[in-house]
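Peer 1: Before I ask anything, let me first share the structure, which is written out below as C-alpha coordinates.
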Amino acid sequence: MGAEFPGIVRLRCSVKRYEWGKVGEESGVARLYSSNSGEEIDGDEPFAEFWMGTHESGPSSVVANCQMRDGGVEREDGFNRNLVSLKDWILHNPSVLGDKVFQKWGPNLPFLFKVLSVAKALSIQAHPDNSLAAILHKQQPQVYKDDNHKPEMALALTEFEALCGFVVLEEIKSVLQNVPEITDVVGTASANQVLRLSKEDGEKKRKEVLQSLFTKLMSASKAVISDAVSKLISRLNMRIKVRGLTEKEELVLRLEKQYPGDVGVIASFLFNYVKLKFGEALYLDNVVRAGLTPKKLDVQTLCSILTYKQGFPEILRGVPSNPYTVKYLPPFDEFEVDQCILPQGASTVFPAIPGPSVFLVMKGRGTVRQAFSEELVGEGDVLFTPANAQISVRTTSGLSLYRAGISSRFFKKQNV
(Lines of atoms letter the chains of each structure in order from A and count residues from 1; the text may use other names and numbers.)
(Lines give C-alpha, C1' and ligand atoms only; values in the text may rest on other atoms or scores of the structure.)
Protein backbone atom coordinates (compact mmCIF):
# COMPACT_ATOMS: atom_id res chain seq x y z
CA MET A 1 0.00 0.00 0.00
CA GLY A 2 2.87 2.34 0.73
CA ALA A 3 4.52 1.91 -2.68
CA GLU A 4 2.23 4.35 -4.50
CA PHE A 5 1.63 7.96 -3.54
CA PRO A 6 -1.91 7.87 -2.12
CA GLY A 7 -4.59 9.99 -3.71
CA ILE A 8 -8.12 10.50 -2.39
CA VAL A 9 -9.33 7.61 -0.23
CA ARG A 10 -12.88 6.85 0.81
CA LEU A 11 -13.69 6.22 4.48
CA ARG A 12 -16.24 4.01 6.15
CA CYS A 13 -17.09 5.68 9.44
CA SER A 14 -18.55 4.86 12.85
CA VAL A 15 -21.82 5.69 14.56
CA LYS A 16 -22.60 6.22 18.26
CA ARG A 17 -26.04 5.29 19.57
CA TYR A 18 -26.10 7.42 22.73
CA GLU A 19 -29.53 7.61 24.32
CA TRP A 20 -29.82 11.38 23.72
CA GLY A 21 -29.69 10.93 19.94
CA LYS A 22 -32.62 11.21 17.56
CA VAL A 23 -34.29 7.91 16.71
CA GLY A 24 -34.37 6.12 13.36
CA GLU A 25 -35.24 8.07 10.23
CA GLU A 26 -35.61 11.30 12.23
CA SER A 27 -31.85 11.30 12.76
CA GLY A 28 -29.62 12.96 10.19
CA VAL A 29 -26.78 10.89 11.62
CA ALA A 30 -28.71 7.71 10.80
CA ARG A 31 -29.12 8.80 7.19
CA LEU A 32 -25.44 9.69 6.85
CA TYR A 33 -24.34 6.42 8.43
CA SER A 34 -26.69 4.36 6.27
CA SER A 35 -25.43 6.03 3.09
CA ASN A 36 -21.82 5.70 4.23
CA SER A 37 -21.95 2.07 5.38
CA GLY A 38 -24.77 0.52 3.38
CA GLU A 39 -26.49 -0.60 6.57
CA GLU A 40 -30.23 -0.21 6.97
CA ILE A 41 -31.58 2.18 9.60
CA ASP A 42 -33.07 0.56 12.69
CA GLY A 43 -36.22 2.59 13.30
CA ASP A 44 -36.17 2.02 17.05
CA GLU A 45 -32.51 2.86 17.74
CA PRO A 46 -31.07 6.31 18.56
CA PHE A 47 -28.34 7.55 16.21
CA ALA A 48 -26.50 10.30 18.05
CA GLU A 49 -23.06 10.85 16.51
CA PHE A 50 -21.33 10.08 13.21
CA TRP A 51 -17.56 9.82 13.80
CA MET A 52 -14.81 10.46 11.23
CA GLY A 53 -11.21 9.98 12.33
CA THR A 54 -8.76 7.70 14.10
CA HIS A 55 -10.21 7.72 17.64
CA GLU A 56 -9.93 4.22 19.08
CA SER A 57 -13.52 4.27 20.37
CA GLY A 58 -14.91 4.66 16.86
CA PRO A 59 -12.19 4.49 14.19
CA SER A 60 -12.82 5.06 10.52
CA SER A 61 -11.64 2.55 7.92
CA VAL A 62 -10.18 3.05 4.48
CA VAL A 63 -12.21 1.39 1.73
CA ALA A 64 -10.13 -0.21 -1.01
CA ASN A 65 -11.32 -1.31 -4.45
CA CYS A 66 -14.52 0.71 -4.43
CA GLN A 67 -16.55 2.52 -7.02
CA MET A 68 -19.64 4.69 -6.89
CA ARG A 69 -23.15 3.44 -7.47
CA ASP A 70 -26.16 5.71 -7.06
CA GLY A 71 -24.34 7.96 -4.62
CA GLY A 72 -23.21 5.07 -2.42
CA VAL A 73 -20.20 2.81 -2.20
CA GLU A 74 -20.12 -0.57 -3.93
CA ARG A 75 -17.54 -2.99 -2.56
CA GLU A 76 -16.30 -5.89 -4.62
CA ASP A 77 -17.39 -8.62 -2.26
CA GLY A 78 -19.30 -7.33 0.79
CA PHE A 79 -18.82 -4.40 3.12
CA ASN A 80 -16.25 -5.86 5.49
CA ARG A 81 -13.76 -7.02 2.93
CA ASN A 82 -11.03 -4.64 1.80
CA LEU A 83 -11.25 -2.48 4.93
CA VAL A 84 -8.22 -1.33 6.90
CA SER A 85 -8.30 1.10 9.82
CA LEU A 86 -7.41 4.67 8.89
CA LYS A 87 -4.73 4.73 11.59
CA ASP A 88 -3.05 1.57 10.22
CA TRP A 89 -3.29 2.93 6.70
CA ILE A 90 -1.61 6.16 7.82
CA LEU A 91 1.17 4.14 9.49
CA HIS A 92 1.87 2.56 6.09
CA ASN A 93 1.55 5.94 4.35
CA PRO A 94 2.89 8.53 6.85
CA SER A 95 3.56 11.07 4.09
CA VAL A 96 -0.21 11.69 3.83
CA LEU A 97 -0.10 13.66 7.09
CA GLY A 98 2.79 15.91 6.13
CA ASP A 99 6.01 16.10 8.13
CA LYS A 100 4.92 18.76 10.63
CA VAL A 101 1.68 16.98 11.52
CA PHE A 102 3.32 13.56 11.88
CA GLN A 103 6.08 14.99 14.08
CA LYS A 104 3.54 16.69 16.35
CA TRP A 105 0.80 14.07 16.62
CA GLY A 106 2.13 10.83 15.16
CA PRO A 107 -0.20 8.60 13.08
CA ASN A 108 -3.38 9.85 14.79
CA LEU A 109 -5.47 12.67 13.42
CA PRO A 110 -5.47 15.33 16.16
CA PHE A 111 -9.16 15.99 15.57
CA LEU A 112 -12.34 13.91 15.61
CA PHE A 113 -14.85 15.12 13.03
CA LYS A 114 -18.45 14.50 14.14
CA VAL A 115 -22.05 15.11 13.12
CA LEU A 116 -24.60 15.15 15.96
CA SER A 117 -28.36 14.55 15.89
CA VAL A 118 -29.57 15.75 19.29
CA ALA A 119 -32.99 14.84 20.70
CA LYS A 120 -32.33 15.95 24.27
CA ALA A 121 -29.73 17.79 26.30
CA LEU A 122 -26.16 16.55 26.55
CA SER A 123 -24.40 16.45 29.91
CA ILE A 124 -22.86 19.35 31.82
CA GLN A 125 -19.19 19.02 30.92
CA ALA A 126 -15.77 20.58 31.19
CA HIS A 127 -12.36 19.20 30.32
CA PRO A 128 -8.99 19.31 32.05
CA ASP A 129 -5.94 20.89 30.49
CA ASN A 130 -3.20 18.68 29.02
CA SER A 131 -1.37 18.01 32.29
CA LEU A 132 -4.46 17.13 34.32
CA ALA A 133 -5.93 15.13 31.43
CA ALA A 134 -2.83 12.92 31.44
CA ILE A 135 -3.13 12.37 35.22
CA LEU A 136 -6.85 11.51 35.10
CA HIS A 137 -6.34 9.21 32.12
CA LYS A 138 -3.61 7.33 34.01
CA GLN A 139 -5.71 7.07 37.18
CA GLN A 140 -9.03 6.13 35.51
CA PRO A 141 -8.44 5.14 31.87
CA GLN A 142 -11.89 3.60 31.51
CA VAL A 143 -13.51 6.90 32.49
CA TYR A 144 -11.04 9.42 31.04
CA LYS A 145 -10.13 7.85 27.72
CA ASP A 146 -8.16 10.81 26.35
CA ASP A 147 -4.80 11.85 27.80
CA ASN A 148 -4.94 15.24 26.06
CA HIS A 149 -7.11 18.30 26.44
CA LYS A 150 -10.23 18.18 24.31
CA PRO A 151 -10.97 21.40 22.45
CA GLU A 152 -14.28 21.29 20.63
CA MET A 153 -16.27 23.42 18.24
CA ALA A 154 -19.98 23.10 17.54
CA LEU A 155 -21.06 24.33 14.10
CA ALA A 156 -24.83 24.54 13.67
CA LEU A 157 -26.36 22.70 10.70
CA THR A 158 -29.81 23.65 12.01
CA GLU A 159 -30.79 25.87 14.95
CA PHE A 160 -28.84 24.59 17.95
CA GLU A 161 -29.21 25.41 21.64
CA ALA A 162 -26.34 25.34 24.12
CA LEU A 163 -25.55 26.24 27.71
CA CYS A 164 -21.99 27.52 27.67
CA GLY A 165 -19.94 29.29 30.35
CA PHE A 166 -21.08 31.18 33.43
CA VAL A 167 -23.26 34.27 33.13
CA VAL A 168 -21.84 37.59 34.34
CA LEU A 169 -21.84 38.48 38.04
CA GLU A 170 -24.87 40.79 37.92
CA GLU A 171 -26.93 38.07 36.26
CA ILE A 172 -25.84 35.51 38.86
CA LYS A 173 -27.02 37.94 41.55
CA SER A 174 -30.35 38.27 39.74
CA VAL A 175 -30.63 34.47 39.58
CA LEU A 176 -30.09 34.15 43.33
CA GLN A 177 -32.73 36.80 43.98
CA ASN A 178 -35.29 35.24 41.61
CA VAL A 179 -34.60 31.51 41.94
CA PRO A 180 -34.95 30.86 45.69
CA GLU A 181 -34.50 27.13 45.18
CA ILE A 182 -30.77 27.66 44.59
CA THR A 183 -30.41 29.38 47.94
CA ASP A 184 -32.40 26.53 49.53
CA VAL A 185 -29.70 24.14 48.28
CA VAL A 186 -26.49 26.11 48.89
CA GLY A 187 -27.57 27.99 52.01
CA THR A 188 -28.11 31.67 52.76
CA ALA A 189 -24.49 32.30 53.74
CA SER A 190 -23.15 31.05 50.40
CA ALA A 191 -25.74 33.02 48.45
CA ASN A 192 -25.00 36.19 50.42
CA GLN A 193 -21.28 35.85 49.65
CA VAL A 194 -22.15 36.19 45.97
CA LEU A 195 -24.67 38.97 46.51
CA ARG A 196 -22.05 41.02 48.38
CA LEU A 197 -19.49 40.76 45.57
CA SER A 198 -18.75 43.90 43.58
CA LYS A 199 -16.68 44.82 40.57
CA GLU A 200 -14.07 46.16 42.96
CA ASP A 201 -13.44 42.67 44.31
CA GLY A 202 -10.51 41.03 42.61
CA GLU A 203 -10.85 38.25 40.05
CA LYS A 204 -9.40 35.73 42.50
CA LYS A 205 -12.07 36.45 45.11
CA ARG A 206 -14.88 36.37 42.56
CA LYS A 207 -13.64 32.99 41.33
CA GLU A 208 -13.40 31.58 44.88
CA VAL A 209 -16.93 32.70 45.78
CA LEU A 210 -18.44 31.42 42.56
CA GLN A 211 -16.55 28.13 42.87
CA SER A 212 -17.86 27.70 46.42
CA LEU A 213 -21.44 28.36 45.32
CA PHE A 214 -21.26 26.06 42.30
CA THR A 215 -19.52 23.25 44.22
CA LYS A 216 -22.16 23.31 46.98
CA LEU A 217 -24.92 23.22 44.39
CA MET A 218 -23.40 20.39 42.36
CA SER A 219 -22.43 18.38 45.46
CA ALA A 220 -25.83 18.46 47.16
CA SER A 221 -27.52 15.14 47.84
CA LYS A 222 -29.98 13.69 45.34
CA ALA A 223 -32.79 14.08 47.87
CA VAL A 224 -32.07 17.79 48.37
CA ILE A 225 -31.81 18.44 44.63
CA SER A 226 -34.93 16.42 43.86
CA ASP A 227 -36.92 18.44 46.40
CA ALA A 228 -35.55 21.75 45.08
CA VAL A 229 -36.30 20.83 41.46
CA SER A 230 -39.83 19.81 42.42
CA LYS A 231 -40.43 23.18 44.11
CA LEU A 232 -38.90 25.02 41.15
CA ILE A 233 -41.07 23.27 38.57
CA SER A 234 -44.22 23.80 40.61
CA ARG A 235 -43.43 27.50 40.93
CA LEU A 236 -42.73 27.89 37.22
CA ASN A 237 -45.92 26.07 36.25
CA MET A 238 -47.86 28.50 38.46
CA ARG A 239 -46.06 31.42 36.82
CA ILE A 240 -47.14 30.30 33.35
CA LYS A 241 -50.76 31.03 34.28
CA VAL A 242 -49.94 34.52 35.58
CA ARG A 243 -47.38 36.22 33.32
CA GLY A 244 -45.49 33.69 31.26
CA LEU A 245 -41.88 32.57 31.47
CA THR A 246 -38.50 33.76 30.26
CA GLU A 247 -36.65 31.78 27.59
CA LYS A 248 -34.32 30.37 30.26
CA GLU A 249 -37.29 29.29 32.42
CA GLU A 250 -38.94 27.58 29.44
CA LEU A 251 -35.65 25.78 28.80
CA VAL A 252 -35.55 24.64 32.43
CA LEU A 253 -39.00 23.06 32.08
CA ARG A 254 -37.81 21.16 29.00
CA LEU A 255 -34.65 20.00 30.74
CA GLU A 256 -36.64 18.72 33.71
CA LYS A 257 -38.80 16.58 31.42
CA GLN A 258 -35.66 15.06 29.92
CA TYR A 259 -33.76 14.63 33.21
CA PRO A 260 -36.27 14.67 36.13
CA GLY A 261 -34.76 15.71 39.45
CA ASP A 262 -31.30 16.35 37.95
CA VAL A 263 -28.97 18.97 39.43
CA GLY A 264 -28.37 20.30 35.92
CA VAL A 265 -31.95 21.58 35.79
CA ILE A 266 -31.19 24.12 38.53
CA ALA A 267 -27.55 24.69 37.56
CA SER A 268 -28.63 25.78 34.07
CA PHE A 269 -29.66 29.16 35.51
CA LEU A 270 -25.96 29.92 36.03
CA PHE A 271 -24.96 29.30 32.40
CA ASN A 272 -25.26 31.37 29.24
CA TYR A 273 -28.14 30.21 27.06
CA VAL A 274 -26.89 30.32 23.48
CA LYS A 275 -28.98 29.85 20.35
CA LEU A 276 -26.90 29.15 17.26
CA LYS A 277 -28.37 29.72 13.82
CA PHE A 278 -27.27 27.74 10.76
CA GLY A 279 -23.65 28.53 10.03
CA GLU A 280 -22.83 29.87 13.51
CA ALA A 281 -20.34 28.12 15.78
CA LEU A 282 -18.99 28.23 19.32
CA TYR A 283 -15.90 26.60 20.75
CA LEU A 284 -15.10 25.11 24.16
CA ASP A 285 -13.17 22.43 26.02
CA ASN A 286 -14.82 19.43 27.70
CA VAL A 287 -15.52 16.37 28.97
CA VAL A 288 -15.80 15.88 32.74
CA ARG A 289 -19.50 15.26 33.45
CA ALA A 290 -21.56 16.45 36.39
CA GLY A 291 -25.21 16.51 35.39
CA LEU A 292 -27.87 16.05 32.69
CA THR A 293 -26.54 12.58 31.94
CA PRO A 294 -27.01 8.94 32.95
CA LYS A 295 -23.22 8.48 32.66
CA LYS A 296 -20.73 8.45 35.53
CA LEU A 297 -20.49 11.82 37.27
CA ASP A 298 -17.30 13.38 38.60
CA VAL A 299 -18.58 16.46 40.39
CA GLN A 300 -15.48 17.24 42.45
CA THR A 301 -13.12 17.09 39.48
CA LEU A 302 -15.43 19.23 37.37
CA CYS A 303 -15.83 21.88 40.06
CA SER A 304 -12.08 22.02 40.71
CA ILE A 305 -10.93 22.40 37.08
CA LEU A 306 -13.29 25.15 35.95
CA THR A 307 -11.80 28.59 35.38
CA TYR A 308 -15.09 30.24 36.45
CA LYS A 309 -14.61 32.81 33.73
CA GLN A 310 -17.82 34.73 33.24
CA GLY A 311 -19.36 36.26 30.15
CA PHE A 312 -21.09 35.29 26.93
CA PRO A 313 -19.06 32.94 24.69
CA GLU A 314 -17.64 34.11 21.37
CA ILE A 315 -19.83 33.14 18.41
CA LEU A 316 -17.93 32.35 15.22
CA ARG A 317 -19.67 33.15 11.96
CA GLY A 318 -16.80 32.12 9.75
CA VAL A 319 -14.62 34.02 7.31
CA PRO A 320 -15.33 33.65 3.56
CA SER A 321 -12.52 31.97 1.63
CA ASN A 322 -14.34 32.31 -1.71
CA PRO A 323 -17.96 32.85 -2.84
CA TYR A 324 -18.95 29.32 -1.74
CA THR A 325 -16.70 28.51 1.22
CA VAL A 326 -16.58 29.81 4.81
CA LYS A 327 -13.72 28.96 7.20
CA TYR A 328 -14.18 28.50 10.97
CA LEU A 329 -10.92 28.96 12.85
CA PRO A 330 -11.14 28.45 16.64
CA PRO A 331 -8.07 29.25 18.79
CA PHE A 332 -6.70 25.69 18.75
CA ASP A 333 -3.87 24.04 16.83
CA GLU A 334 -5.75 20.81 16.31
CA PHE A 335 -8.40 21.74 13.76
CA GLU A 336 -10.33 24.13 11.55
CA VAL A 337 -13.53 23.56 9.55
CA ASP A 338 -14.66 24.74 6.12
CA GLN A 339 -18.31 24.89 5.09
CA CYS A 340 -18.77 24.71 1.31
CA ILE A 341 -22.18 25.10 -0.32
CA LEU A 342 -22.07 24.87 -4.12
CA PRO A 343 -25.12 25.77 -6.22
CA GLN A 344 -25.96 23.99 -9.48
CA GLY A 345 -23.14 24.04 -12.01
CA ALA A 346 -20.60 25.55 -9.60
CA SER A 347 -17.05 24.51 -8.76
CA THR A 348 -14.39 25.52 -6.26
CA VAL A 349 -10.82 24.72 -5.26
CA PHE A 350 -9.36 23.95 -1.84
CA PRO A 351 -5.70 25.06 -2.05
CA ALA A 352 -2.91 22.66 -1.11
CA ILE A 353 -2.04 22.78 2.59
CA PRO A 354 0.74 21.05 4.61
CA GLY A 355 -1.72 18.69 6.38
CA PRO A 356 -4.48 16.18 5.60
CA SER A 357 -8.20 16.87 5.26
CA VAL A 358 -11.41 14.94 5.83
CA PHE A 359 -14.34 15.87 3.59
CA LEU A 360 -17.97 15.01 4.41
CA VAL A 361 -20.79 15.32 1.88
CA MET A 362 -23.97 16.35 3.69
CA LYS A 363 -26.20 16.44 0.62
CA GLY A 364 -26.17 16.69 -3.14
CA ARG A 365 -23.86 15.08 -5.70
CA GLY A 366 -20.64 16.03 -7.38
CA THR A 367 -17.02 15.13 -8.04
CA VAL A 368 -13.93 15.61 -5.89
CA ARG A 369 -10.62 15.60 -7.73
CA GLN A 370 -6.97 15.61 -6.70
CA ALA A 371 -4.33 15.40 -9.46
CA PHE A 372 -5.12 12.07 -11.16
CA SER A 373 -7.54 10.86 -8.50
CA GLU A 374 -11.25 11.59 -8.84
CA GLU A 375 -14.27 10.42 -6.82
CA LEU A 376 -17.98 10.74 -7.51
CA VAL A 377 -19.66 11.68 -4.24
CA GLY A 378 -23.10 11.85 -2.66
CA GLU A 379 -24.72 12.19 0.76
CA GLY A 380 -22.80 10.37 3.48
CA ASP A 381 -19.57 10.01 1.56
CA VAL A 382 -16.42 10.76 3.53
CA LEU A 383 -13.06 11.30 1.85
CA PHE A 384 -9.55 11.55 3.24
CA THR A 385 -7.16 13.69 1.21
CA PRO A 386 -3.38 13.85 1.79
CA ALA A 387 -1.18 16.78 2.72
CA ASN A 388 0.04 19.12 -0.04
CA ALA A 389 -2.82 18.21 -2.37
CA GLN A 390 -5.01 20.74 -4.18
CA ILE A 391 -8.62 19.56 -4.15
CA SER A 392 -11.16 20.55 -6.81
CA VAL A 393 -14.90 20.12 -6.25
CA ARG A 394 -17.56 20.36 -8.94
CA THR A 395 -21.32 19.78 -9.06
CA THR A 396 -24.07 19.92 -11.67
CA SER A 397 -27.00 19.55 -9.25
CA GLY A 398 -25.78 21.30 -6.08
CA LEU A 399 -23.54 20.06 -3.27
CA SER A 400 -23.10 20.74 0.44
CA LEU A 401 -19.88 19.53 2.04
CA TYR A 402 -17.70 20.18 5.06
CA ARG A 403 -13.95 19.88 5.44
CA ALA A 404 -11.99 19.35 8.68
CA GLY A 405 -8.23 19.80 8.74
CA ILE A 406 -5.32 20.90 10.92
CA SER A 407 -5.58 24.55 11.91
CA SER A 408 -3.77 26.97 9.63
CA ARG A 409 -2.68 28.67 12.89
CA PHE A 410 -0.53 25.62 13.61
CA PHE A 411 1.29 25.82 10.29
CA LYS A 412 1.86 29.57 10.63
CA LYS A 413 3.46 29.03 14.03
CA GLN A 414 5.68 26.32 12.58
CA ASN A 415 6.95 28.73 9.92
CA VAL A 416 7.84 31.53 12.33
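Note: Cβ is positioned from N, Cα and C throughout, glycine not excepted.
TrEMBL annotations: computationally assigned, not manually curated.
Annotations per TrEMBL:
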- Arg289: active site (ACT_SITE)
- Gln125, His127, Glu152: Zn(2+) binding site (BINDING)
- 8-166: domain 'Phosphomannose isomerase type I catalytic' (DOMAIN)
- 193-270: domain 'Phosphomannose isomerase type I helical insertion' (DOMAIN)
- 328-368: domain 'Phosphomannose isomerase type I C-terminal' (DOMAIN)
Peer 1: State the non-local partners of the domain 'Phosphomannose isomerase type I C-terminal' (328-368) in its own chain: residues 6+ outside its ends, Cβ under 8 Å from one of its Cβ atoms.
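Peer 2: Counting only partners 6 or more residues beyond its ends, the domain 'Phosphomannose isomerase type I C-terminal' (328-368) has Cβ contacts under 8 Å with 8, 11, 32, 52-53, 71, 96-101, 104, 109-111, 113, 115, 151, 153, 155, 157, 279, 281, 283, 316, 318-319, 321-322, 374-411, 413.
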Peer 1: The domain 'Phosphomannose isomerase type I catalytic' (8-166): mean pLDDT?
Peer 2: 81
Peer 1: For the domain 'Phosphomannose isomerase type I helical insertion' (193-270), how many residues does DSSP put in helix, in strand and in coil?
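Peer 2: Result for the domain 'Phosphomannose isomerase type I helical insertion' (193-270), in helix, strand, coil order: 61 helix, 0 strand, 17 coil.
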